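Just below is one structure, and these are the notes that go with it.
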Amino acid sequence: MTSIAHSAAVSAALRDGKPVVALESTIITHGMPWPQNVETARKVEAAVRAGGAEPATIAVLDGVIHAGLEDSQLEAMGKATGFLKLSRADLGYAVATRKNGSTTVAATMIAADRAGIRVFATGGIGGVHRGVEKTYDISADLQELARTPVCVVCAGAKAILDLPKTLETLETLGVPVVGYGSDEFPAFWSRRSGLAAPMRLDDPADIAALIRARAELRLDGGVLVGNPIPLADEIAANEINPAIEAAVDEADAMGISGKALTPFLLSRMLDLTQGRSLIANIALVENNARLAAKIAAAL
Ligand code: PSU
Ligand code: MN
């Protein structure tokens, strides 16, 4: 059986029954530029620790799945080029061929589950892309939420995606989508999307109770928590929307598709907003890390 390399701190926390929060790494290698990527990864780990939980950043190094990275590993990954972007389909390949790879939401959920971690904080999940009628591009993150029992705390999905279709797909897949302290599913840079969250909970203990109730019912899959970006860091929809339209049009014109699409859109958004999208992104991931720590503690 392929084993997972737990860092000393993560294995001690799991052994002692302390709360642990998994963190993804595609945001480091494909979601943000150096050096903000490593600075953010450190801030997010610190936010989890401040919340009384142990952070477990997940990545594949030389074919070994790690749960919990040393700071030197985090730094090397942030500078490296050539890390594969790993989703469910790629995880076994990276292990078998001893590759370096960062884990998307889907792959991080799988690794967290195998490592015994029940709560995971990220920025935004992948979803149904705009123009899906032509491209069939639907992130494997959605299916993973339907099958792997990990609670994913996000700030919603970016409006570079088709948000109504993303929510419809999650409903079809039977994934509970919770608005945390909000009647709406958040839209990443903006607190509101105009789309109702299917359910609302205001207390991390209630989210923990939902996770336990689903486990007792032997329901497969995870829980998706939409945690709105803090008000002070929000970018209004009318400010962000022109950049989104431009980025999506450019990707279309350049024929960018598949795994390359989300990283392309994120890097174009950074330029088109003169870096504002990145500042908001950092703030919302930290905010999600704080909430995930509270949920892990309540479990
Ligand atoms: N959304 C973000 N930042 C990211 C990602 C999504 O705001 O870095 C990454 C996550 O790792 C997510 C992945 O799982 O992109 C989705 O990629 P795709 O659309 O190719 O499934
Ligand atoms: Mn895709």
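Positions of Cβ are set from backbone N, Cα and C atoms, glycine also.
According to TrEMBL, the residue from Val105, Val119, Val153 that belongs to the substrate site alongside Lys85, Ser139, Ala140, Asp141 is Val105. The recorded positions under consideration are Glu24, Asp137, Asp141. Their Cβ neighbour counts within 10 Å are lowest for Asp137.
Under a cutoff of 8 A between CB atoms, and with a sequence separation of 6+ in the same chain, the neighbours of Val105 (substrate binding site) are Glu24, Thr26, Phe120, Thr122, Ile125, Gly126, Ser139, Asp141, Glu144, Val152, Cys154. Taking a Cβ cut-off of under 6 Å from any atom of ligand 2, the recorded positions Glu24, Asp137, Ser139, Ala140, Lys158 reduce to Asp137, Ser139.
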